[in-house]
């Protein structure tokens, strides 16, 4: 964007004036110049030419020439700095050039202050979509003004080195720098607060309003960056001038978060700690009562949720234990556990909403985390799915004796992930549900009654009918053997060493092993008394001996 003024631009006129004055004096001097002086005169001639071009330029062309003038003056200052350091230029000529630079800095400061004021007014009155273009020029002008302040401090340093200090100029720069630092720090604090406000507003605004808020946030962020950059540049000058800058350094650190060598200064560290302490105390004074009340409400909600969870568990326990539902113990435990946990989750979410937390991002985070955890814990989820299938199809219940997942024992406990089985020798084995569901499941105690299968053998020389009568008497006389279904006693196999009977009485499931052991013992005792033998496998070996003849 171009800046059109009704009069000649002050900065260009002033540069042209001091350039002409220099060359007017050079016209009567002898043509013998040093290499440094020739370079300085060449740059001055370029400034004169650019100043003439500026008079007839307009629009973007004028802005470009102004930029070239500024760059040429920076080039001139670099040559002067080298000359001051090396003494390659006559001291009187150096003093003349430095004094011209003093006047240039004074005029440039006035010009830039006026331009910055005008563009500030344009930014304030412009539409949000037009402010970004204006801010680019505003940033450029601020950068030029910062450079002019740095040049002013360099002028003071040159004069001191040349033995011509200017206390008034130094004091004037100190006052101007101090004033501008105060204004910039106020701008930084204001724009930083505005940026935090728009960030918070953006998080809670509907989608239809977010675009305008984002544009405002971008504009504020750019203005904050411009003010912060200028303040940090002036802090360096302020340190040279003896201005107390610890508070400004503290502010720059808090806004940018950049760790620089300035933080090694104890005054800066003390300022940061003091500000943090003050902010913490102010926050406690302003917010502690409210947050304490919210915490009390949160704790009260959790207590209520705990009580309701207990009530829910009792109600669900009473409901699922109804005989009409015919639920397994595992299914009952599952519903009771989930009812209490569900009430707890609802209570916690209500409590979090009461202390001001937005639940939508939390629930979204849980959803994303669920997907990630799902990929990471595929085996665990397969156990979970298998646990649900076991609960639905109910192949066994707590207290059943089962063969599942390659393990024999009594089901002690079951969760959605694994099943705990207590073996007959009192070992605890935890089996993943996926292994149980993917293998054969044998439930030994699922039915109310069981058949005891036993085999007894007698010798071929024993009385078959008598043995059958004895076995029948043993089985029917046992009090735990059921009368219906009837026991089965049959000759089963004619083995190589014995005649085998199958003995199959029916008993209650819980009496299985007692009947098995009792009948086995009684068969041995009765067979001994009745003269019936219990054969064991045997084999006759016949040896044929060959006698040797006498030779």
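Including glycine, each Cβ sits where the backbone N, Cα and C put it.
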Per TrEMBL, the range holding transmembrane segment, considering 333-353, 396-416, 417-437, 438-458: 333-353
TrEMBL annotation (transmembrane segment) - matching range among 250-270, 271-291, 292-312, 460-480: 292-312
Helix-strand-coil residue split for the domain 'Mechanosensitive ion channel MscS' (379-446), DSSP-based: 20 helix, 25 strand, 23 coil
For the domain 'Mechanosensitive ion channel MscS C-terminal' (452-534), residues assigned helix / strand / coil by DSSP: 36 helix, 22 strand, 25 coil
Cβ-Cβ under 8 Å with the transmembrane segment (292-312): same-chain residues at least 6 beyond its ends: 339-344, 346-348, 350-352, 354-356
